[in-house]
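Below is one structure, written out as structure tokens; comments come after it.
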Amino acid sequence: MNKSEFGVIGLGVMGKSISLNIAEKGFSISVYNRISDGEESIVSDFLSDNNFFKNITGFANLESFVASVERPRKILIMIKSGLAVDSIIEQLIPNLSEGDIIIDGGNSHFNDTQKRTNYLKNKNIHFVGCGISGGEEGARKGPSIMPGGTVEAYKEIAPILEKIAAKDSQGKPCCSHIGNDGAGHFIKMVHNGIEYAEMQLIAEVYSLLHTSLSNKEIAKIFENWNLGNESSYLLEITAKILRKQEGKNDLIDIILDKAGNKGTGSWSSKTALELGFPNTMMTSSVFDRYISSFKERRVELAQKINRKNTNESVNIEQLKKGYQFARIINHQQGFGLIKEASNFYNWDLNLSEIARIWTNGCIIRSKFMEDSISILKENEDYFEDQNNFNYLNSSEASIIKVLQFGLQNRISLNTLSASYNYWVGMTTKKLPANIIQAQRDFFGAHTYQRIDTDNSSFFHTKWQEL
Ligand code: 6PG
């Protein structure tokens with residue numbers, strides 16, 4: 001039997017779609033899914049549903065699956081992150097040979113990827129933690145792919161990954177070797193952190209517009225914005241969402257206002273906290289999802305205070321400027337975190353190249369991401385880019401008006417506010433952190449620095465007699 005060029009483990013939604021993408025690009029591929037209760041026919045159903053592809057071979061036995069892939073084996077695992085990944089790695093190890101490559105295409109935590117990389121390195125097996133973005137459609141038609149691991153392993157898998165990836169505006173694949181060990185999964189995690197804040201911003205903008213406009217009218221505004229600098233995939237799908245009918249109703253009005261999450265947003269936020277980097281927007285958007293989940297309590301309390309809904313209208317031009325202002329800050333914070341982690345983990349990450357592979361296939365693709373390729377090539381900091389800085393500076397008045405409208409009308413705008421407060425904090429010469437330092441020194445003798453001496457000296461004051 002001819003050996004396959006590639007193997008995929010896990011025929012869930014993403015695994016199926018990526019397998020079909022690989023097969024469509026002409027590579028021979030073996031697929032495997034375990035047999036457990038209710039999953040007996042997954043492999044055979046997949047093969048019969050797609051029997052026009054003659055280059056797919058299916059297996060329900062792991063040993064035969066591994067044996068069917070040519071060496072060095074390139075095996076992509078597309079299963080739920082966590083313990084299941086460790087378990088499949090353990091099952092694979094006795095069947096693999098030195099130099100084989102395991103690619104984890106799920107949303108695994110980058111610290112787990114670092115551990116797995118070292119563990120497998122001792123067995124001379126390459127491990128590639130690979131971020132994949134774009135959902136089901138992206139996986140099928142061209143995702144954005146963020147592989148970490150050794151350059152050596154990347155060279156082996158590049159011809160396939162680059163072929164199945166989305167293409168940027170120059171026709172180059174949205175796939176690039178990110179950096180060592182956990183770098184690929186780290187980048188995907190931050191992608192999701194940025195995604196959370198971009199989604200929350202659109203939701204807040206919607207809530208501001210919805211005081212006086214219908215869903216269709218808001219869809220029209222989003223479609224309009226999508227023709228200019230504000231355009232993005234998320235804005236585009238939100239306009240479509242707002243136009244979706246179910247019978248006579250707008251479907252959006254029937255969807256319960258409780259947001260779920262699978263954890264990557266909170267991982268990003270935790271990592272930012274650990275690295276000491278102020279990612280206030282992604283963190284606030286995670287908390288916004290958590291607040292939304294208290295639906296029953298919210299309803300109860302809303303009844304107690306019994307406020308009327310406003311029907312005042314927000315100024316749409318100011319809102320558009322405020323929205324873009326917040327998006328720039330979101331990218332500043334997201335890429336700032338990447339830069340911070342790059343130094344901390346010695347990954348030597350290329351911010352401009354990361355922006356490039358995020359211009360197509362992934363969820364946060366946008367016109368601004370396109371612009372970010374050159375911005376980050378020059379400066380690696382949006383505040384150093386004169387055009388952006390001027391935009392932020394000149395649109396400050398607009399976001400203030402938008403926030404005032406929100407405050408006056410009881411519209412919760414945590415993430416928009418977070419962007420404004422970050423900007424104000426970062427552009428304020430003197431912050432009240434001297435108070436914090438004095439308090440710390442007062443109760444805990446934690447010491448403080450002084451403005452009338454050099455920065456390297458620390459002082460303690462005896463604030464009161466004990
Ligand atoms: C993507 C998405 C994808 C996903 C996550 C986040 O890039 O394709 O980010 O990975 O939607 O599962 O989902 P939650 O909102 O459930 O955390």
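Heads up, the Cβ atoms here are built off N, Cα and C, so glycines get one too.
Values in this document were obtained by computation on a predicted structure and should not be read as measured data.
Database features (TrEMBL):
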- N107, S133, G134, G135, H191, N192, Y196, K262, R289, R440, H446: substrate binding site (BINDING)
- 184-464: domain '6-phosphogluconate dehydrogenase C-terminal' (DOMAIN)
- K188: active site, proton acceptor (ACT_SITE)
- E195: active site, proton donor (ACT_SITE)
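Among the recorded positions G134, K188, E195, H446, residues whose Cβ is positioned under 6 Å from ligand 1 are identified as G134, E195. A simple way to gauge crowding: the CB of G134 (substrate binding site) has 25 other CB atoms within 10 angstroms, across all the protein chains here.
Of all Cβ atoms in the shown protein chains, 22 besides its own fall within 10 Å of the Cβ of E195 (active site, proton donor). A distance of 13 Å separates the Cα atom of R289 (substrate binding site) from that of the residue listed as 'active site, proton donor'. As a whole number, the greatest separation of Cα atoms within the substrate-binding residue list N107, S133, G134, G135, H191, N192, Y196, K262, R289, R440, H446 is 48 Å. The two recorded residues, the residue listed as 'active site, proton acceptor' and H446 (substrate binding site), have Cα atoms 38 Å apart. For the pair formed by H446 (substrate binding site) and the residue listed as 'active site, proton donor', distance between Cα atoms is given as 38 Å, rounded to the nearest Å. Within 10 Å of the C-beta of R289 (substrate binding site) there are 18 other C-beta atoms, taking all protein chains into account. Here the domain '6-phosphogluconate dehydrogenase C-terminal' (184-464) returns a mean pLDDT of 97 for the predicted model.
Most buried of the recorded positions K188, H191, H446, judged by other Cβ atoms within 10 Å, is K188.
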